[in-house]
Amino acid sequence: GDCHKFLGWCRGEPDPCCEHLSCSRKHGWCVWDWTV
């Protein structure tokens, strides 16, 4: 499963799927900092 620039599944930070985005542990996907 490929990781998308946003809404990509992640398990926590740091996560390579998120690249420069942050991993929202609440929702379990990569998000912009202002949405965490």
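Cβ coordinates are placed from backbone N, Cα and C, and glycine is handled just like the others.
According to Swiss-Prot, the protein carries these features:
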type: DISULFID; residues: Cys3-Cys18; note: disulfide bond
type: DISULFID; residues: Cys10-Cys23; note: disulfide bond
type: DISULFID; residues: Cys17-Cys30; note: disulfide bond
type: MOD_RES; residues: Val36; note: valine amide
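DSSP assigns Cys30 (disulfide bond) to a strand segment in the three-state reduction. The most densely surrounded of the disulfide-bonded residues Cys17, Cys18, judged by C-beta neighbours within 10 angstroms, is Cys18.
Straight-line distance linking the Cα atoms of Cys30 (disulfide bond) and Cys23 (disulfide bond), rounded to a whole number, equals 4 Å.
Counting every protein chain shown, the number of other Cβ atoms lying within 10 Å of the Cβ of Cys10 (disulfide bond) is 22. Within 10 Å of the C-beta of Cys30 (disulfide bond) we count 24 further C-beta atoms, all protein chains included. Within 10 Å of the C-beta of Cys23 (disulfide bond) we count 21 further C-beta atoms, all protein chains included.
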